[in-house]
Each structure stands twice: as structure tokens, then as C-alpha cells.
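Participant: Take this structure first; my questions come after.
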Amino acid sequence: STMRKRETTDSPHSSTDLSEGKEKLRLKQEVGLISGVSLIAGTMIGSGIFMSPEWVLHHMGSPASSLLIWAACGLLAMFGALSYAELGTIIKESGGEYIYILRTFGSFPAFLFAYTSVILVRPAGLAAVCLSFAEYAIAPFYPGCSSPQVVIKCTAAACILLLTIINCLNVRLATSIMNIFTAAKLLALLVIVVGGLVLLAKGQTQSFQNAFQNTTAGIRAVGVAFYQGLWSYDGWNNLNYVTEELKKPEVTLPRAVMIAIPLVTCLYLLVNVSYLAAMTPSEVLSSGAVAVTWGDKVLGSWAWLISLSVALSTFGSSNGTFFSGGRVCYIAAREGHMPDILSMAHVRCLTPSPALLFTSAMSLIMIISGSFTSIVNFFSFIAWLFYGMTISGLLYLKIKKPELPRSYKVPIIIPIIVLMASVYLVLAPIIDQPQIEIFYIVLFIFSGIILYFPLVRFKCHPRFLQRVTLHLQLFLEVAPTTRDAN
């Protein structure tokens, strides 16, 4: 394929160079420390903290035990992110779990991850977050009644299309929006925290008297509570998906993790304390949306600010999910596990626009069909299955290849703890309460075998695909990219 030659510059952000007479195209390194922190925190803080507390409390039975679960989830997310930070300094490539599984375990398991993630997990996750955004965004227009499903779906689709345009135009534009919405949602959480501290100062501490009373000690209850809490922490690994776009990744990656996750964990704990200061445990459990109920009790006529905050929060989270999720598709295509067109970048905007457009299309299909909701409930099962595989790869590299250069090392006990937790989170729902949906998910993952051997292993590509790729390349104004030399 051919592309129009452009003059190279001496700018530090230049993404092209000349080597042996051929121009190379790369994604820009635009993500600094602030944007990195925003990507992690902005993706983690979605709708979870506004919705999940009642479910964690429901499964644990007491305020104190539910706060312990929130703290333990934050600690597990921190341990996982620190383990990923070491992987990111050993394997300085974008793609997260995909690229780590590929480099440590080989092509076949990496393809199964990419196939599952690109076709199912990332698009459905994005669709779910955008639907959540749509529900809160249009709720004020339908007071006293539920919003029509067609309006919710159209709003969610419009959200996805807007995110597609933003992320295809410019990486800096996408990260700037991420920074703005992260600041907005942090401000919203601070309002809840301050409101809770004022209530505590006034003596509203009845929820914390005999705080461990009625605690549930069952293994299943603890496991389900962990699932609910960890869903609110999901996104702790997002910076590893864009390693090649980080400025000084060996420094930025660990620092961003160490800033973002403790910040989010502290906020989550303080927000939960605020909920319990404003409401009794029974009121929290009977609330359909705990943050909205908190707003009605504490803010009065200003309660609409909470609905607006949740809408802003979910939009920012969906932008982070979209930004990182498109990179998995892009990297997998660059490694030959997806069609070539998905590995290309726009010649002027320097964004992986074909991969982003594909992710957008898959998300729109899931919104229209509305059949993904049962699968979304088991995302934690898929996620922790591959998290465990990735962490075992880190343990392999630490034990078998300690000589590999790395600028950051995590104590070996930390990935061991994460691996044990991932094994528990994968096996607990299967052993305690097996459900047919888990079988369907496993079946879907291994259905990738049908595609892997003819298309990837033996490279049996129909000729018409080359023509389609060429026409799409010309239409979308994209060209193949190269890895960062660093």
C-alpha cells in the first residue's frame, strides 16, 4: 500500500522518521503523568460507586464489614496494578493483557484473549457504561416515571458516536476530555465526602454503632461482595493498554498507578462513610440508587446535581474505556491476530481510527440488540481468568528470566496474592453456584479455535480480503504503523 509522503520535523512529538527511504508511522507519545492518572482514575470512577455500595452491604450484612470489602478491593486493585507496572517496564508495548500473554505464553492463548476481548468484552462493557450514562442523562426529562427504552438506547448510541469522533480526531483531545471529566467527577465525590463529614460532625453516627452486627461470614457472600466492589475498581489496568503512547513509560506507569489507585480507594471509603452517615443500613439497602437517595436527604432541592454528576462520571468512564479498548484491537491486528486494516493509523490524525471504528460498531450492535445484559453480569469471571493468566506470566518472568532489564520491580509476594485472588474469583462462582451462562462464556472463548488455525496459524486468507483492505485503506486514509523503537 502507498501513502502520501510528508515532511518530517524535529519536533519532540514527531511520529515519523525516514529509514532506508521508507516513512514509518507511529502513534504519538501524548500521555503524560496527569493524563495517565486521569485515565486510570477516570475509568475506574464510573457508575459503580454510585450504585454498588448497597449490594456490597446487602451481601456482607453490616456497615463495618462492607467498608472492609471496599478497602480490600482497593488493595487488590493496587497489587494488580503494581504487578502490571513491572510487566509494563519489561514489555514496553501497548495492549495490556494481550501483549503480555503473547510474549510469555505464545500466540494461541493471546489470540483467544484478543478474540474474546475485541468481539465481546470491551464492546459490551462500553455499551453497558453508555447505557448507564443514558439512563441518568435523560432521567430529569421523565420525572416520576421510568424512561423509554428506545430513548435510552438512542442516547447511548449517540454517546458512542460522539466518543468515536473525539478519539479518532486527536489523542490529545481525548486525553483533555478525560482530564476534564475526571476533575468533574472527583469534585462530585468530594461534595458527597464533605456532606458526610458535616453529618458526622453533627453526631449522625448511628450506623457505626455495633458496626459489625449481622455480618455475613459465608465464602459465597464474601466472593459476591468482592465482585460488586471490584466492578467499581475496574480500569486499574487501563494505562498498560497505551504503554507506547506514554511519555517515559518506565517512570510514568508506576507513578500514575501509585497516585491514582490510593486516591480512588480513599474516595470510595469516604463516600461509603458519607452514605452511611446520611442513611441507616436499612435505608441504603432499600435504595434503588444510593447516591440519588443521599442527594435527596442531604442536598434537598440541589439533588439534581447528583444525577448530573453520575452522568458526567459515566461519560468520562466510557471515554477511558473506549480510548484503551480500541488499542487492544489495534495491537492484536498489528500482531496478525486481527484483519490488517485494524492495525493502521490515520496518516494525519495519528490515531488508530479503524480499530476505534470497529469497537464502536460492535458496541452499537450490542446496544441495538440489547441481548448482552446476561453476559455483562459475568464480566468479572472473564476478566479475572485473564488477569490470573497475565500475573502467572509475570511470576514466570521473575523466576525464570530475572536478568531481563526492568526499571521497576514489585515484591514477588504481591503477584502471588493477586494470582491466589484471581483463582478464587474464577472458581468460587463455578463451585458454589454453577450457572449455564458461565458455560456459554467458556464455549465462546474456545470457539476462537475454529478461527485461529485456518486464519492465523496457517494464514489461509481469501484474496478478496486484500482488495477490501486496500479500498478501506484509501477510504479511511490510513497506513500501517511500526512499533516505537524504544
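Yeah, the Cβs are placed from backbone N, Cα and C, and that goes for glycine too.
Remember, TrEMBL labels are computer predictions, not curated facts.
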Participant: Using TrEMBL as the reference, determine which range in 31-52, 119-140 is annotated transmembrane segment.
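Facilitator: Result: 31-52 is the stretch TrEMBL calls transmembrane segment.
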Participant: Would you say the transmembrane segment (97-118) and the transmembrane segment (437-456) are in contact under the rule of three or more C-beta pairs closer than 8 Å, pairs 6 or more apart in sequence?
Facilitator: yes
Participant: Going through 64-85, 180-201, 298-317 one by one, which has the most CB pairs that fall under 8 Å from the transmembrane segment (31-52)?
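Facilitator: Most Cβ pairs under 8 Å with the transmembrane segment (31-52) come from 298-317.
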Participant: For the transmembrane segment (409-431), which stretch among 64-85, 180-201, 256-278 has the most Cβ pairs under 8 A?
Facilitator: 64-85
Participant: Quick one: find which recorded stretch in 64-85, 97-118, 180-201, 256-278 has the most Cβ pairs under 8 Å with the transmembrane segment (298-317).
Facilitator: 180-201
